[in-house]
Amino acid sequence: MGAPAMDEVACARRMKKMYAEWREMRETRFNGATALLVGTGANKEDDLRYLKAVALEVWLFSYELPDTLLMFTDGAIHVVAGGKKAALMENAKEMLKRECGLDLVVYVKPKGEDGTAQAKEILNAIEAEKLVVGMVPKEKNEGMMMASVTAALEAAGTEIKDISSGLAHAMAEKDDKEVTTLKNAVALVSKGLSFAVREMEGAIEDEKKLTHAKLSEMTEDAVLSPTTLGLKFDEGDCDICYPPIIQSGGEYDLRYSAESSAAKLHYASPPAVVHMSIGARYTQYCANIGRTYMVDPTPAQEATYSAVLAAQEAGLAALVDGATCASVYEAVKTALTNAEGVDGAMLASKLTKNVGTGIGLEFRDMTFVLNAKCENVIKAGMTFNLAVGLQGLEEPSAKEGSKSRKYAIMIADSALVSAGGEKPTVLTTNAKGVKEISYVTNEDDEEEEEDDANVEIKQGGVILGAKTRLEQSGPSSAEDRERRQRALADKKNAETYKRLTQAADDEINNSVIGGSAEFVSYKTVRDVPTPRSNELVLAVDQDRETLLVPIYGQLVPFHIMSVKSASVSQDAGAAFIRINFQFPTTGAANLKYAPAVRFPNSIFLKEVSFRSTDARHANHVVQEIQALRRNIMQRETERAQRADLVRQERLVLSSGRVHRLTGLWMLPTFGGRGGRKAGTLEAHTNGMRYVGAKMDEQVDIMYENIRFAFFQPAKQELKTLIHFHLKNPIMVGKKKTQDVQFYQEVMESVQNLDGGRRNMYDPDEIEDEQRERERQKKIQKEFSHFAKRVQEIWEKDFPHLNLEFDSPYHQLAFQGVAFKSTVRILPTATCLVELTEFPPLVISSSDIEVINLERVGFHLKNFDMAIIFRDFNREVHRIDQIPSQYLDNIKQWLTTLDVKYYEGKANLNWKPLLRQIKEDPDGWLEAGGWEFLNNEASDGEDEEDEEMSEFEPSEDEDESESEDDSESESVYDSEEDEGEEELDEDDEEGLSWDELEEKAAREDADVSDSDERPKKKKR
């Protein structure tokens, strides 16, 4: 094996920098030394000491050189080393002479000798040149060679100078290569802390007994095996700066020499405080991070933590180019003293003696210690571990002598000083906000329903089975709720008016009306086919997608898309063909027909009828027209669906470990024939890929295209699912969809009824239930693990997307008819969702303009919810038949999200109402804006009914809308809509149950009367 190779470019650059610092500051920082003597002894396993000599060797030569002696003079470098280390230095001889003008003299130490004989050559050189020797005092006896030289110099009465400050200043400012290495060390500590936090959260959630020492050991193993943290680092390059420190339960020591005790992690009796500090090295460069986490903290503890966080921010603001180390400490102390809501003087008295040190090749460079006495100047490129800690704090609400009585807080980050006086770059970015490190546990677990309130996926710093205080914030009483709703009224009116006026201006400026494709049958008259005989007949040109209609002795071509419908009927031995064409209607609907806009002065043919004696030909022509139109409509519909699709980036497959979730079903389905089989969901670099059982069953979901992500464990449902609501639709098979769901059923949806009733003590029954619970727990754990891994990818590589898995609040669930059937609708932190049935319901609170709660009254058991969106072109969504018992919970949730709601006693016809608001926003605002929905502010129901009558659409508009809708709807859809309209009419009547029963009785009586009438007998 050959000798190791150093980075010669970096070596030359740094050697010049050290000599320049030495020559400029020889009399001050180097105390007049004319020779710099450093050395190291034999390498010792598990030795975490930090030597300036080792730091200098790595900085200059890229390697640690154990059992080596180095002496730097003005014109030469003397080295005593053996084996490969001597060969490494020999290879640098030419470069040092060429780039730095230095002669390199290497004294090879034979194998098996201690080097004292070769060290005498160093002493001879010192005596011959009358050199003033400088050493690092704490390291003058490191190794046999350094000890022998030191002893000889002291015996001769030679004074040894201290060069620690000079070497520290020379190595303090980091170059680009060093910054890159430091960022790798930062990634190691950040991932290590995330690992420790996950283990702590798992212990709290599962109520496991985990000791501080065990958690420290697990974290250390993870740092030493970076692949377990998702980092592609060589294990040989990774090390710890000190064993990870985990402390809780009233015993805290904020020194980095502290050890994690064998006591169990304290969280069961809140308030509990857990402190974690982790330091790691990557190729000898150090990084550090420290965080304090609180379980059920008191307001006083939260205020104290906020003061410490503000003090650290003040320290970071003072850590600038040109400042002194003492000024940083003073900024931290002043921020603590002046903190509001706490006893600042008391907190300042609890501050540690220093708030950090320089960090790099040494974990703690005491030349740049951030305390009240150090006046060394901070320069751009330096790196610091800024650690603000308060020790010996007490919580008065906790019992004297309890584990919660005493606590400590420390927040530590690695920071890089920026140039030009700019604020430093904080390299460690793990969450540290007060709401992100505070956990609120749910202590009452007696009933399973109460567990539904827990958040299942980590949100920021929120653990599993807990809710942050942010999530618990909201109006605490009906009076508070009403006050917040009144404050929202004027704000909402102003926002709506501004958006409507802006939308109107945009519509005028960008009036591309009727943007449909142009259909051309024939470019010239000569292209029209010539009839085969003098008798002109209806014909269909399949190639040109054209209907040829005989009019006044000529075949007039009409593209099939201009045909609305065609029908045939027979009467008196003749067949009558009736063809209806697309034509413009009156009013605003005219703008939807593109030809009417392009040719406003033209006359359009509405319909034409033909009489034929050949019934077979008539039927054939109509069938051809219908078949061609159906095919073209299908083609254009698919084209229109794909036209507004946003082109997605290509999926970048992960080269390393790929997180997978197997045995999943997907909605919407791919379609096609054949049995369905489960597939696999994979998380890759920039997106996810679902791979089905067939070759063509593959869907890619880009992280950039995800708007909302949901994880819903099976509580009262049959399946555990992960659901993605996308920003832009994608194609799944031939379907365009904006929602993609992956799920796995946790129990059989079909129950076996052949065995009759079974005894509750039946062993088979008990075994089945146990197996079902274990299966449900296993599936939920797999989904939760996958969601956490994907969440980590988002936090690491896509922080700008602010993506996180949201889980529904089951305690706020309510029943309602969102589409066609009664379902269980669940609020989340940002959305209203129903994910069990497909199509799903996903409504973001940011898309909601206002909500009108209709048919709200004391005598009614149900009410309806009309959701009006910010985009008035979007149809109002209704959730009907919501039991009145959920009304207060819904109001509370809406108010928490700052969504304005109104209450009314009747259902409103929203389509013409929104159209009138869009057409006259000024009149709408003058009339009070949305306040017309306020049931309490209205003078009476009669006036409200009169108001509603103003919004009735005209007959022409109704006719045009129905005609336009019929173009793209099937017969099945139209019949279904008619049924829904009838249900809406019944709902609008607002009849009570007694009135409905009376009405049904009258109808039954009418039917029975009609049945009793005498019927004519057949002859």
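FYI, residue positions are counted from 1 along the chain as it appears here.
Positions of Cβ are set from backbone N, Cα and C atoms, glycine also.
Annotations in TrEMBL come from automatic prediction, not curation.
Feature annotation from TrEMBL assigns domain 'FACT complex subunit SPT16 N-terminal lobe' to 6-167.
Residues or ranges marked as region 'Disordered' by TrEMBL: 466-493 (among others).
Counting same-chain residues at least six beyond the ends of the compositional bias 'Basic and acidic residues' (478-493), those with a Cβ under 8 angstroms from any Cβ of the stretch are 849-850, 888, 891-892, 895, 898-901, 925, 928-931. What TrEMBL lists as compositional bias 'Basic and acidic residues' is 478-493 (among others).
Taken from TrEMBL, the feature domain 'Histone chaperone RTT106/FACT complex subunit SPT16-like middle' covers 814-904.
As annotated by TrEMBL, region 'Disordered' applies to 935-1019 (among others).
If you look up TrEMBL, you'll see 938-997 marked as compositional bias 'Acidic residues'.
TrEMBL lists 998-1019 (among others) with the feature compositional bias 'Basic and acidic residues'.
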Averaged pLDDT score, the domain 'Histone chaperone RTT106/FACT complex subunit SPT16-like middle' (814-904): 91
Would you list the DSSP helix, strand and coil counts for the residues of the domain 'Histone chaperone RTT106/FACT complex subunit SPT16-like middle' (814-904)? 16 helix, 43 strand, 32 coil
Taking DSSP states H, G and I as helix and E and B as strand, how many residues of the compositional bias 'Basic and acidic residues' (478-493) are helix, strand and coil? 16 helix, 0 strand, 0 coil
